[in-house]
Amino acid sequence: MSDNEIKNETPKKLSLQRRTKTTIADGKVQVEVRKSRKIDTAVAKAEQAKLKAKQEAEAKAQEKQAAEKAAQAQTEAKAQTEQACTTKKTIQPPIIPGKQKAMPKTEAKKATPKTEKIVDAEKEAKRKEEAELRRKQEELASPKAEMEAKRAAENARRLAEIAREETVENGEEFEDNRFTSTYAREADRDHDRRSEGNRTRAKGGVAKAKKGGREDDKNERNSDRRNAKDIKGKKSKGKKGASLQQAFTKPVQAVKTDVVIGETITVAELANKMAIKATEIIKTMMKMGEMVTINQVIDQETAQLVAEELGHKVILRKENELEESVMEDRDIDAEKVTRAPVVTIMGHVDHGKTLLLDYIRKAKVAAGEAGGITQHIGAYHVETEDGKMITFLDTPGHAAFTSMRARGAKATDIVVLVVAADDGVMPQTIEAIQHAKAAGAPLVVAVNKIDKPEADPSRVEQELLQYEVVSEKFGGDVQFVAVSAKKGMGIDELLEAIILQSEVLELTAVKKGMASGVVIESYLDKGRGPVATILVQSGTLNKGDIVLCGFEYGRVRAMRDENGKDINSAGPSIPVEVLGLSGVPSAGDEATVVRDEKKAREVALYRQGKYREVKLARQQKAKLENMFSNMTEGDIAELNVIVKADVQGSVEAICQALGELSTEEVKVKVVGSGVGGITETDATLAAASNAIMVGFNVRADASARRVIENENIDLRYYSIIYELLNEIKAAMTGMLQPEFKQEIIGLAEVRNIFRHPKFGAIAGCMVTEGIIKRNNPIRVLRDNVVIFEGELDSLRRFKDDVAEVRNGMECGIGVKNYNDVKVGDQIEVFEVVEIKRSI
């Protein structure tokens, strides 16, 4: 049967969803799921009628062949019987005449059983012949049946291919279902035989049928493998069946959950908490202008924005369970007692803060300070004449030391604002007022330098009114005391005002128990190692205590007061220098005494790790922001700087001040900073990053100096901060792109035109303004409109070449590469001047 005939016989509606399977492969386990056939009723009846007619024709043919075979066997059996009878007659004995009459009855009796035996033998032979005939017939019919079955299978396969092509052409999905299990195929075949009404085969043909079935199985497995490869290689036209896909339904809407976010989190962790793919977060952050990767650490604020953008509720959490467990194991339940006030002296630079404190302490600190200005935060405690103790913190007044002043205000009880009577309110005075208000500390104003002729204390009171600092004279609660730090005038009144203010505040603290405080200043001593100035706020700090201080920890090996004397313990409001920490802590860190050194180390390492993660997240964010800004603005010049200073506070102040110097064109980048002398590592880093090295009150060691000389590194030492900032500004100025300006130096009017064989058109001109110089750039103006811009090629006065022609004189001007000069034109001569730029 040809393909065209098969196609013509194809029913109008044919569903080939005959076998549907879902295979779950896990090791060697295979699960088969079968579905019933879906064939149109009319098609099924037609197929059944054809099959029935075919079977009846085959049955009639088999019966006819069996009848012919039986007749032939009967004929052969009859011939054999006659031959046997003839043989018996020939061997009979001779008959005796006397006995011939008596013989018939006896012989008849004897002959009867013999005849029965012959008949039985004939029947047995006939049965055997019929069985043999049927066996031969079935042997002949079996190959024919197999051929018919194969032909029918081939026709069905072609029908399926035609139907599949039509289905694909119509744009419908085709389910391609195959079995991989031998048992499933055998069961499917049995079901087909039962549903189609096939007769059971004879016993003699079972073995061959099974063999044929095994061969069919083998062929089908090979076909399945080929089809599987086609599907894998995307060669198959049909789509993968829906039954082979995962059987779960996609959620209609996204699930909104409560997302707990720590201080830092990776993109993958955030996606896991929100039960979405990481690519969704990356897409969301790209829309927000952030480029991230799946393993990138992002800070808490960014993660919160992303989660809220995706519709989730955010719960922010600080991951400090370890710290809390360490802090809980502290003895702080002792009775509170009255403590000394901590007083911070603040004010504008050069208003006499340190000199005032020197007079109170009977010391001369100001005389030894570089440039006469304070650049470190100092902590001192003094006793008044009536036996009461006051702790003083002296903060720098320079603008660069904002963080130091803020730190001093945070650790203080009372702020003494020093204002010069001759200068009045200055920028750092205003800043000090803001710090005091932010810290919630009451103010006592000391109007200094009243011994000067131009001093005007009342003007200071008037100026401070606009900053909400109202004196008691005007009905406020701020005490104003007129003092002279140089002559000692009003110092006792100032101390009395401080004591009075502290009594109003009723300051108390726990004296017994484990100490806690704040780091005022820290530095690295070459002989003693890391040194931290700690202001004890509660408890008693003893020698040998284990101190957890920011990222550092350690056992207190030694303690000294502000005068350098060794002490064994320090109570509340006492500033002490502590030795024995693992590193230099940051100024402003909280210092806490804990019981277990191992736990203190764990907390310190945990804090360092979290800080690195946060810093990395911020740096990555800054890099991406810089990348986007550079894409839009172009390249920005960078000045790399390495800062080394004597104390942590100075490092912070310098780095902050340098960052504020950055402009849109030049950016100051601090590539390294630290406390202590300049080492070989610092010099190597400077060489690698092409950076300027800045040493503030520190020097380079011998190995560092060798590297600096070999690599020609720019190293600069400073002891005054404003000198450092001024020189960095000068270096930045040198990196600015030069600015050029055009200055008109002369103007000539064309009176006549001459032709020259060498120079072409020569303009006879009269200089009306300034000076005309040869080889300068010029512009040709016609009716006050620039028509050409070029260069002055030749300049002559009569027949002589001249370098310049002054105002009121005639000259001949040749314009380079331009011959269209006309009478009445103006020739404007200018020069380009470079203008110095500054920051």
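Indices start at 1 and increase along the chain as displayed.
For all residues, glycine too, the Cβ spot is worked out from N, Cα and C.
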Of 394-397, 562-565, 662-665, the range Swiss-Prot tags as region 'G3' is 394-397
Residues flagged as region 'G2' in Swiss-Prot, choosing from 372-376, 457-461, 677-681, 737-741: 372-376
Structural state census, the compositional bias 'Basic and acidic residues' (57-67) (DSSP three-state): 11 helix, 0 strand, 0 coil
The region 'G1' (347-354): DSSP-derived helix, strand, coil residue counts: 2 helix, 1 strand, 5 coil
The compositional bias 'Basic and acidic residues' (57-67): which same-chain residues, six or more beyond its ends, come within Cβ distance under 8 Å? 130, 133-134, 137, 141
Structural state of I450 (GTP binding site), classified by DSSP into three states: coil
Taking only the residues in the region 'G4' (448-451), give me the average pLDDT of this model. 84
Among all the protein chains here, how many other CB atoms are within 10 A of the CB of I450 (GTP binding site)? 20
